[in-house]
Amino acid sequence: GDAAILESSLRIPYRFFETVLPPLPAALQGRMNVIDHVRDMAAAGLHSNVRLLSSLLLTMSNNNPELFSPSQKYQLLVYHADSLFHDKEYRNAVSKYTMALQQKKALSKTSKVRPSTGNSASTPQSQCLPSEIEVKYKMAECYTMLKQDKDAIAILDGIPSRQRTPKINMMLANLYKKAGQERPSVTSYKEVLRQCPLALDAILGLLSLSVKGAEVASMTMNVIQTVPNLDWLSVWIKAYAFVHTGDNSRAINTICSLEKKSLLRDNVDLLGSLADLYFRAGDNKNSVLKFEQAQMLDPYLIKGMDVYGYLLAREGRLEDVENLGCRLFNISDQHAEPWVVSGCHSFYSKRYSRALYLGAKAIQLNSNSVQALLLKGAALRNMGRVQEAIIHFREAIRLAPCRLDCYEGLIECYLASNSIREAMVMANNVYKTLGANAQTLTLLATVCLEDPVTQEKAKTLLDKALTQRPDYIKAVVKKAELLSREQKYEDGIALLRNALANQSDCVLHRILGDFLVAVNEYQEAMDQYSIALSLDPNDQKSLEGMQKMEKEESPTDATQEEDVDDMEGSGEEGDLEGSDSEAAQWADQEQWFGMQ
């Protein structure tokens, strides 16, 4: 009796387990077959386990076709392909996805699913087959990773329009855009926006394809009016519409107005866009400042750091460039930016072969990297492979038709190969396309300076450029070059002093030093060379200018001149001829080094 009472007191109602303990997994309830196990492991992210088990099960199925039903084999193939995709074995994954689709096609033709013989009956869960649309999307992803964009487009094009999800339309839009098929790209981007009106990258895609900002804004008007705190979106669209039409000044002003709003202050993406716009407008100082500000807010920032590294390298800050490259490699070596930054360090260290390799590696990681194309093009040009360089600059222009530095690189190639006519045609096209601003005027003047017939036109263009922007360094440099040809050194000195009043630039200080030497102002010239070298210790021309002056002023030279006078008086000409020969040898070597 006591035992019965104790037993009854230990009994716990079943409802207690229902409320306190979670339900038992299906595996422990005995309702799962092996395919369900594979599916659950795939959902849990156990990709290596899925790969091993599905491989064994597929071999079993091949040896005994009756072991699994067609639907189960389809599932096995999909899950196996997914595990291969996760391991980045894209070609193998495509093969398995293709087999899965063939199995699905055979399955759809079979009205009655054959029961499996080696497993328990299929549950309703096992009949939830992987989506055929999702399989095709994964195949397209594999093709893009394999650089087979045509195959990716073909597989996605085969999906009926009504069945395309936003991510399928987004991938199609990007692929069409890359292939130069603008109309279907616009259609796909619009479809993304119809389904997801806050898809900002799709908005940028439309703006980059010359769709009017007002039309794009109209597609988001409903969500702006119904969702709170989105009043900034119309201004954001307006700003990037200016960006993609090349109106840098209005784009800068509009983004600045956004960035000043308290809710969007210190946004890294807006700061990065501002930095890039200042760079495009030729305002390198403000560009560097904005990049530094963005980098302080986000130490792991990668986007735009290739341009930042290029600007630092141009300023001669090679140690900073090297540190930036190391930091970016620590963040990720699977992006183009770290390779471009390291390439800029090599290029400005005159290691062109290494710069070429690093640029090629960056392009391999991201074929749309404009900065990588410019780096590789510049390296090829400096190595004398001008025709190959031209191909890269043209591709950069295709990707970024509003970036002037792409056209500058191509025009420099034309000038290097004495194709002045092609350079003039290109410069005129840029002038007409991007408008008459200080940068396009200077670019056109640069080409005009190469032809003696168009010297006066070059002078007029440079004067217009400097009227618009008196501090534009490239215009100042070209005007100084023109004044040097005309030997108007005093005018050149005045021009350079005026340009240096509000900024400090290595090239301007060096040219000012050259002009001061021409008017016998040696001490001040030495000061200017020193300032130039303090800004860029690797500036070879400033170093040569300073060394030349030091040789002229050295007392040893003065003593040698007196000795020469004595020798001339005494008629000892044999040693003098030897001195001339030695001097000629050094002059030849100096000329050779200057050509490198």
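Backbone N, Cα and C define each Cβ position, glycine as well.
Copied over from TrEMBL, here are the features:
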type     : residues : note
REPEAT   : 370-403  : repeat 'TPR'
REPEAT   : 506-539  : repeat 'TPR'
COMPBIAS : 544-554  : compositional bias 'Basic and acidic residues'
REGION   : 544-596  : region 'Disordered'
COMPBIAS : 559-580  : compositional bias 'Acidic residues'
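Counting same-chain residues at least six beyond the ends of the compositional bias 'Basic and acidic residues' (544-554), those with a Cβ under 8 angstroms from any Cβ of the stretch are 510, 513-514, 517, 522, 525-526, 529-530, 533, 594. Same-chain residues lying 6 or more positions outside the repeat 'TPR' (370-403) and placing a CB less than 8 Å from one of its CB atoms are 180, 243-246, 280, 306-307, 310, 336-337, 339-340, 343-344, 347, 352-353, 355-356, 358-360, 362-363, 409-410, 412-414, 416-417, 433-434. Shown for the repeat 'TPR' (370-403): DSSP residue counts in helix, strand and coil, namely 27 helix, 0 strand, 7 coil.
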